[in-house]
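A short write-up of the structure that comes next.
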Amino acid sequence: MSFFFVDLRPMNRSATHIVTEFILLGFPGCWKIQIFLFSLFLVIYVLTLLGNGAIIYAVRCNPLLHTPMYFLLGNFAFLEIWYVSSTIPNMLVNILSKTKAISFSGCFLQFYFFFSLGTTECLFLAVMAYDRYLAICHPLQYPAIMTVRFCGKLVSFCWLIGFLGYPIPIFYISQLPFCGPNIIDHFLCDMDPLMALSCAPAPITECIFYTQSSLVLFFTSMYILRSYILLLTAVFQVPSAAGRRKAFSTCGSHLVVVSLFYGTVMVMYVSPTYGIPTLLQKILTLVYSVTTPLFNPLIYTLRNKDMKLALRNVLFGMRIRQNS
């Protein structure tokens with residue numbers, strides 16, 4: 001990833017004007033609206049950090065949560081912190097800025113991290129679906145299959161594939177000539193706005209990028225769907241109502257996160273976006289990049305007794321230390 005920190009301006013110097021920065025319009029409005037948005041996103045960011053940080057701390061400190069399911073959940077919370085950090089801090093700076101400018105290299109760095117972390121999230125959701133499938137459909141074999149070592153390999157696989165998939169296509173996109181307007185009507189550097197500003201068409205690069213993104217979305221979503229079909233079939237065969245409720249409580253929260261994330265991502269990157277208003281595109285991007293990390297702690301702890309107890313112990317322990 002180190003080559004992303006060098007000058008990423010296009011190699012084609014024949015153009016009369018080379019873009020050295022982009023203007024992110026974000027959410028335009030009067031000063032009062034900007035202050036409201038700044039306060040709103042700052043609160044969302046702090047709550048996201050606190051909520052997901054609490055999950056990480058609870059999983060790390062509570063021996064009862066040292067299981068594959070909570071190990072994956074802790075890593076997922078860590079991922080959510082990085083994912084939301086790829087967008088909101090720059091949004092906050094952009095809201096207060098008069099120029100709304102982001103450097104050329106900074107724009108493509110954000111582009112890289114945003115898509116790499118998004119891909120990692122897709123893979124994590126698939127791995128978590130696999131974990132729930134094994135736990136409910138094959139409970140006897142689960143401890144032998146989902147060992148700590150195997151779980152660590154799955155987590156490493158998600159991070160490696162997520163971050164090794166986009167350096168080359170994004171590097172080639174950064175080498176396209178950007179010699180005209182530099183205004184991006186978005187709050188982040190995304191594929192469609194950047195390609196619209198390029199002075200030369202790049203159908204092959206664009207095709208490779210979208211094919212790669214679509215394949216990740218398709219295969220992970222199909223795997224999750226298959227896992228839940230098998231899982232729900234097994235749940236409905238459980239004779240006791242209490243057993244069915246327990247099974248639903250362990251997988252229901254994951255299903256909510258999957259639906260929220262994939263539903264908005266597919267509207268943005270699988271269906272054509274040229275007919276979608278710009279404001280709606282921004283809102284959809286906010287849902288899967290900001291709202292999902294915010295509600296992740298609430299969704300995963302709402303019906304999970306072990307996690308609620310662990311978080312309660314964390315808060316209780318903090319109060320004791322403050323009073324002592």
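From the backbone N, Cα and C atoms, a Cβ is placed for every residue, glycine too.
According to Swiss-Prot, the feature topological domain 'Extracellular' maps to 1-35 (among others), an assignment based on sequence analysis.
Under the heading N-linked glycosylation site, Swiss-Prot lists Asn12, citing sequence analysis as support.
According to Swiss-Prot, the transmembrane segment annotation covers 36-56 (among others).
According to Swiss-Prot, the feature topological domain 'Cytoplasmic' maps to 57-64 (among others). Mean pLDDT of the predicted structure over the topological domain 'Cytoplasmic' (57-64): 87.
The transmembrane segment feature in Swiss-Prot is assigned to 65-85 (among others); the stated evidence is sequence analysis.
As annotated by Swiss-Prot, topological domain 'Extracellular' applies to 86-109 (among others), with the evidence given as sequence analysis.
For Cys107-Cys199, the entry in Swiss-Prot reads disulfide bond, with the evidence type sequence analysis.
Annotation comment: Swiss-Prot describes 110-130 (among others) as transmembrane segment, evidence class sequence analysis. Using a Cβ-Cβ cut-off under 8 Å and counting only residues 6 or more beyond its ends in the same chain, the transmembrane segment (110-130) has close neighbours at 1, 4, 72-73, 75-76, 79-80, 82-83, 86-87, 90, 102, 154-155, 157-159, 161-163, 165-167, 170, 173, 188-191, 194, 213, 216-217, 220-221, 223-224, 227-228, 254, 257-258, 261-262, 265, 288-289.
The feature topological domain 'Cytoplasmic' is assigned by Swiss-Prot to 131-149 (among others), with sequence analysis given as support.
Under the heading transmembrane segment, Swiss-Prot lists 150-170 (among others).
Look at Swiss-Prot and you will find 171-207 (among others) tagged as topological domain 'Extracellular'.
The feature transmembrane segment is assigned by Swiss-Prot to 208-227 (among others), with sequence analysis given as support.
Per Swiss-Prot, topological domain 'Cytoplasmic' is recorded for 228-247 (among others), and the stated evidence type is sequence analysis.
Under the heading transmembrane segment, Swiss-Prot lists 248-268 (among others), citing sequence analysis as support.
The topological domain 'Extracellular' annotation in Swiss-Prot covers 269-281 (among others).
The feature transmembrane segment is assigned by Swiss-Prot to 282-302 (among others), with sequence analysis given as support.
Cβ crowding, taken as the number of other Cβ atoms within 10 Å, peaks at Cys107 among the disulfide-bonded residues Cys107, Cys199. Counting only same-chain residues 6+ beyond the ends of the topological domain 'Cytoplasmic' (57-64), those with a CB under 8 A from a CB of the stretch are 70-71, 73-74, 77, 306-307, 310-311, 313-314. With a threshold of 8 Å between CB atoms, the same-chain residues lying at least 6 positions outside the transmembrane segment (36-56) that come near it are 27, 29, 73-74, 77-78, 80-81, 84, 88-89, 91-92, 95-96, 290, 293-294, 296-298, 300-301, 307, 311, 314. Outside the transmembrane segment (65-85), and at least 6 residues removed from its termini, the chain residues within Cβ reach (under 8 Å) are 45, 48-49, 52-53, 55-56, 58-59, 113, 117-118, 120-121, 124, 127-128, 131-132, 135, 146-148, 151, 154-155, 250, 289-290, 292-294, 296-297, 300, 306-307, 310.
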